[in-house]
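According to TrEMBL, the protein has these features:
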- 587-620: region 'Disordered' (REGION)
- 231-253: transmembrane segment (TRANSMEM)
- 273-292: transmembrane segment (TRANSMEM)
- 313-333: transmembrane segment (TRANSMEM)
- 339-356: transmembrane segment (TRANSMEM)
- 377-394: transmembrane segment (TRANSMEM)
- 400-418: transmembrane segment (TRANSMEM)
- 430-449: transmembrane segment (TRANSMEM)
- 461-480: transmembrane segment (TRANSMEM)
- 487-506: transmembrane segment (TRANSMEM)
- 518-543: transmembrane segment (TRANSMEM)
Amino acid sequence: MENGKCQEDTPKELSAVPPLIKYISSVQVAGFDSIEECNEEIEPPNNPSTLRIGNVSSSGVQSDAEFQLGNHQRKNTVSLSMPPSPVGVQLSPKTVFSTGERIPNNGTSGLAALEKPQKATLFHSQPIPMGSTFEDAVRNIKAAPHPSISRLKDRRYDSFKTCSGKLARQLTILRGKSQQQIRPDETEAQEAVIENNIPAERYFAALEGPELETLRPSEEILLPDDKTWPFLLRFPISSFGMCLGVSSQAIMWKTLASSVSTKFLHLSLKINFVLWIISIALVITVASTYLLKVLLYFEAVRREYYHPIRVNFFFAPWIALLFLAIGVPPSVASKLHPALWYVLMTPFLCLELKIYGQWMSGGQRRLSKVANPTNHLSIVGNFVGALLGASMGLKEGPIFFFAIGMAHYLVLFVTLYQRLPTNATLPKELHPVFFLFIAAPSVASMALANIQGSFDNASRMIYFVAMFLYFSLVVRVNFFRGFQFSLAWWAYTFPMTGAAIATIRYSTEVTNIVTQVLAVLLSVIATVIVGSLFVTTIIHAFVYHDLFPNDIAIAISDRKPKPPQKNWFQNLRNGNSESQNIENFLKFSGPDSKDLEACIGPKTSEGEDGIVPSSSDQPR
């Protein structure tokens, strides 16, 4: 009640400053707001209506505690004004008053009295330094993310992702990001339109070289050429060539350990088991990586499938599985179920119906247009399938695929031998693929031997063709050196291993010192080549990081680039078709000519515009 009465007696002008502390005694709290060395006495207030707030006395508020301290000696104290909030730190320097000065109640408000002190000491407050907080660290991370994170967030790759860029843009808008906040390169990538099927003519128009791997100078690509693309976009289907090389080694060492002609080597089947396990691990690794590419970047896989040359490598995964079935160790399975052969050969039949049909009537995809040593991959699968089926005891199926493979191999062999003068020669980096000439006849000789039951004369003739091609390439040493390592080097492994296996089979039928030495020599060469390439591949993949460069072949634009437009000055200087037509009209038009088209005839071989002169200019 007393507080209520005191507030009612307070003048209106002091109501804006609420009384926080009426009076604080230095006796109640030890060492509070007092200095013992000072002997200056401060008398208690005589005016009951005077209120001392900290170091400032104001009138209008009555307190009973002031009358109880009449004999108390108030020391000279100094009070510091602290801001009520951190915002106050940024305000102007505050004025702190020394105690002992009374502010008379002369009708002015308390704030006005505080603004005009008689004796004041200035204290300048310093701003609190800002330290490195967690928010600042997060902000710095967002400002400069890791390069790999930047590539994942780059919208220019959305056109190759399985999830369309349009869907990503709609989700961005739903999250509250306006179109103005989207960068121009993101918008351009999201608006990139990709046709369902890129025609073969577009690959030939945008790319050059026998493998169609080099971009023409006048072309542009959809992806940035100055940055390293995500790994899955750079992982090609040709990576399955590594699986072919290692898995074929498992078959060779199994043949060396079980063949009669090489018993003198005393080899164990444990080598075959170790290589077979390594082959399975490699096939799983490469297949899972490419399957992840199919799930995340389906557009890139589709472009590889429609590539006239890359489509042949889609046979490689299934050939690798056939090699694993042929090279299975006897300790794992002595005999495989025939149903496995039908499962593995079904993809071959589907791919061959498409590829071989295009070779006959495919327009730009006809064999004379796309003939390349990599086409042997689509042929050799027939002979590998026939070899596996015959070893399982099947008859009709192996003969069917052997006949299909032999018919198309003869056509491909003649086409590649008879390369037209207009066809470009293979660059040095692709010379190893010439060894694919050896793969088909080597496997075909063993397949026919399994079908016939013996390495007869027909099998030997095919084997001799393979050996002739092998030695004709080996003696050309300069043809296979002087170029940088790439995945194309794995084309050495599978054909050389196939030739070694065929030689071991031949030495079993014709056993002598020459055939035995030849079998061992070719096996050692194949093993050294595969081991060297395996180590080199690991070094380039994990040390140099240059095994998978940007795959330019899949990033071509589906539209022809617009020709550069000439300015009007260049048109006037060089003369365009319209200006030439007008000039010809004025030159050859007579008094009877009424229109421009009548004086401009069709194009002929004599003149570019086929100008038809008027009757007055005809020779008489």
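Keep in mind that glycine also has a Cβ here, set from the backbone N, Cα and C atoms.
Nonlocal intrachain contacts for the transmembrane segment (461-480), taken as residues 6+ away from its ends with a CB within less than 8 angstroms of a stretch CB, comprise 431-432, 434-435, 437-438, 441-442, 444-445, 448, 455, 495-496, 498-499, 502-503, 506. Taking residue pairs at least 6 apart in sequence, the transmembrane segment (313-333) and the transmembrane segment (231-253) share three or more C-beta contacts under 8 angstroms. Most Cβ pairs under 8 Å to the transmembrane segment (518-543), among the stretches 273-292, 313-333, 400-418, 430-449, 487-506, belong to 487-506. Residues 232, 235, 237, 239-240, 242-243, 246-247, 249-250, 253, 301, 317, 320-321, 323-324, 327-329, 331-332 of the same chain lie 6+ residues outside the transmembrane segment (273-292) yet bring a C-beta within less than 8 angstroms of a C-beta in it.
Ranked by Cβ pairs under 8 Å to the transmembrane segment (400-418), the stretches 313-333, 377-394, 430-449 are led by 377-394.
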